[in-house]
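Worksheet: one structure, shown below.
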Amino acid sequence: MAAASSASAGEMPEVSLLDYGAGNIQSIRNAIVKAGFSPKDVVTPDDIRTAKVLVFPGVGAFGSAMETLTARGFAEPLKEYLAADRPFLGICIGMQTLFEASEESPGVAGLGVIPGTITRFKGAMAAVPQIGWNGVSPWRASPLLGDSEEACRAWSAPAAGASPSKLYFVHSFRAEVTDANRDWVLASTDYDGSRFIAAVQRGNVAATQFHPEKSGALGIVLLRRFLVAATAVANGDAGALKAGAPAAGPWVASPTRLARRVVACLDVRSNDAGDLVVTKGDQYDVRESGGGAVRNLGKPVELCQRYYEEGADEVCFLNITAFREMPLEEQPMLEVLAGAAAAAFVPLTVGGGIRDYTDSAGKHWTSLDVAARYFRAGADKISVGSDAVRAALAWHASGGKATGASCIEQIARVYGSQAVVVSVDPRRVYVASPEDAPDKHVVEMTEPRRFGPAGERYAWYECTLSGGREGSGLDTNALARACEALGAGELLVNCVDEDGQKQGFDLDLIGDLCAAVGIPVVASSGAGKPQHFSEVFSRTRAEAALAAGIFHRREVPISAVKGELAAAGVEHRGDDA
C-alpha cells in the first residue's frame with residue numbers, strides 16, 4: 001500500500017498525546033515522529049481543550065484507564081473534545097474507553113461516546129488474549145484505511161501472489177457490532193469464531209483496536225494518513241477526514257485470519273568487560289567451550305533493528321544478567337529498550353529482573369515499579385520467570401487461592417493480562433512409567449531422540465529457577481494452569497534439553513501445554529531450520545515460535561522461515577513495507 005503524501009500546506013500542528021500513565025507510550029511517540037509529526041504530551045486538562053489533534057493510545061485494564069482519566073481531570077475535557085467533533089485517534093484502550101462500559105471492569109463507566117459494552121472473547125475456538133497479526137475488513141472508505149472501494153477491498157483480496165495485509169492486535173476484550181453502533185464501524189476483524197470492531201469513525205473522531213505503532217511500516221503509513229488528514233482539518237479543511245457513509249457490513253465478506261508469529265529472541269547480558277551484548281548458550285551455558293569468554297553475537301539495538309527489517313513479527317529481550325543491585329533508573333536494559341523502540345515498530349517483550357528488590361542505595365522497588373519503567377522505556381509485554389514459578393507454588397499450596405500479591409497479578413491488574421508473559425524453563429525428568437511419578441503430570445515422548453538414557457518413554461517436565469540452574473519440584477503443566485489463573489496472558493516455553501540442539505522444538509511439551517491452557521503459547525528452544533517452524537505450527541496450536549542463535553548467526557534467515565510457512569500453507573505475515 002502506498003504511503004500518503006506529507007502535508008505541505010498550512011501549519012503543521014503538534015500532535016497532542018494523551019498519556020494516562022499506563023502502557024508503552026514511548027512507541028506511539030516514536031511512531032508519530034517517524035510519521036513526520038511532533039508529539040506533545042498532555043499534562044493538564046487544558047492541554048486537551050487546546051489540542052489541535054489528539055491521540056489517545058494505551059494498553060491496560062479498562063477500569064484502571066477510566067479511573068486515571070477521572071483522577072487527573074482528563075475525563076470531562078476529553079468528552080467535550082469528542083462532542084465538538086475535533087480530530088481524535090484512539091488506539092486499543094483508547095478505543096474501548098469510547099464505549100459505555102466493559103465486562104473487564106463491572107460498574108466502571110466509559111466515556112459513553114459509542115453505544116455498547118466491551119465484552120470478553122469466549123475462548124471457544126482460539127486462545128485468549130488475541131496476540132498477533134490479523135487482517136482487517138474495511139466497511140467504507142476513509143483516509144485511514146483507504147479512500148476508495150478498490151483500496152478497501154485490497155485489504156482482504158490483494159493482487160495475485162500477495163498476502164493479505166495484517167496489523168498487530170493484543171487484547172482479551174473487544175467491541176461487538178450492534179445495531180446501535182453499526183454506523184460507527186469503519187472496519188472489522190474476525191477471531192475466536194466471531195466478528196468484532198477493528199476500527200471506528202464518525203466525523204473527525206476515529207479509533208482502532210489494532211496498534212498502528214506496532215504494525216511495522218504499514219502501521220506508520222496508516223498513522224501518517226490519519227495525521228495528514230487531521231492536520232488539514234485543523235488548518236480549516238473541514239472535510240479532510242470524511243469517511244464514507246455507514247455500511248451494513250464489510251466489502252469483502254470472507255473472514256480475516258490470525259498469523260502465526262515468528263519471534264526473534266535476544267539474550268542480553270554483560271560480558272567480562274562489562275559491555276552489554278547479545279549472547280547465546282547451549283543448554284543455557286553462554287560461555288565458549290572450556291569456560292571461555294561470554295559469546296558475543298552483537299549489540300542488542302543493532303540486532304533488533306536488523307530483525308525488524310528482515311521481517312520478524314516480534315522481538316524478545318531476555319535480560320539474563322538482571323543487574324540485581326543496580327538502582328532502577330540506571331538499569332542498562334532501559335537504554336536498550338528505548339533504542340529498540342525507536343528503531344523497530346513491532347512488539348517488544350522484555351524479561352529478567354522483574355521482581356521486588358532493594359537496590360544498592362537502599363531503595364525498595366516492587367515488581368510493578370520495574371514493569372512500569374520497562375513499559376515506559378518501550379516494552380509492550382513483560383516476561384516473568386523465576387518469580388512466576390514461586391507464585392505458582394504458592395497458588396497450589398493455598399489450594400488455588402489468588403491473593404493479589406504476586407507480580408503476575410499486580411502487573412495484570414494495571415496493564416491487562418495481555419501484557420504479562422510467563423517464561424518457563426523446564427527440564428525433563430525421566431520415569432519408567434507414569435506410576436513412578438503419581439504426583440506429577442507425566443508426558444509420553446513420541447520421538448525416539450527424546451527417550452531417556454535407559455530408553456524411558458515418559459518424563460515430567462520440571463520448572464527450573466535462575467536460568468535453569470535450580471530445580472523447583474513443580475511440573476510445567478501445574479505451573480501453566482496456576483499462572484493462567486493468576487492472570488498471565490501468554491506462555492513462553494523454553495525447553496532446557498533442546499536449547500542449542502537445533503533438532504526441532506519439543507512438540508510433546510508444546511502440545512501438552514497448549515492443551516492445558518487457553519492462553520497463547522510460544523514455542524522456544526531447538527529450532528535449527530525453517531521446517532521446524534512449520535512443523536510446530538502444523539502439529540500444535542502454538543501461536544508463535546521463537547529462535548535466537550540461528551537468526552543471530554544468519555544460519556537461517558527470517559525470510560526463509562516465512563517462505564517455508566507460505567509453502568506449508570501456514571498463515572503468516574507477509575511483507576507490507
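Using N, Cα and C of the backbone, Cβ positions are placed for all residues, glycine too.
In TrEMBL, annotation is done automatically, which means it is predicted and not curated.
Annotated features, as they stand in TrEMBL:
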ACT_SITE  CYS92  active site, for GATase activity
ACT_SITE  HIS211  active site, for GATase activity
ACT_SITE  GLU213  active site, for GATase activity
ACT_SITE  ASP267  active site
ACT_SITE  ASP425  active site
BINDING   CYS92  L-glutamine binding site
BINDING   GLY353, ASN494  substrate binding site
DOMAIN    17-227  domain 'Glutamine amidotransferase'
Cβ density check for ASN494 (substrate binding site), other Cβ within 10 Å (all protein chains) comes to 25
Which number gives the other C-beta atoms within 10 angstroms of the C-beta of GLY353 (substrate binding site), all protein chains shown included?
22
Students should find that the Cα atoms of CYS92 (active site, for GATase activity) and ASN494 (substrate binding site) sit apart, in Å rounded to an integer, by 30
Do you know offhand how many angstrom separate GLY353 (substrate binding site) and ASP425 (active site) by C-alpha?
15
Cβ neighbour count within 10 Å of HIS211 (active site, for GATase activity):
26
What is the Cβ neighbour count of ASP425 (active site) at a 10 Å cut-off, with all protein chains included?
27
Give me the non-local Cβ neighbours of GLU213 (active site, for GATase activity): same chain, 6+ apart in sequence, Cβ-Cβ under 8 Å, ordered along the sequence.
SER27, ILE28, ASN30, ALA31, PRO57, ILE91, GLY219, ILE220, LEU223, PHE345
For ASN494 (substrate binding site) and HIS211 (active site, for GATase activity), what Cα-Cα distance in Å is obtained after rounding to a whole number?
28
Rounded Cα distance in angstrom between ASP425 (active site) and ASP267 (active site) is 14
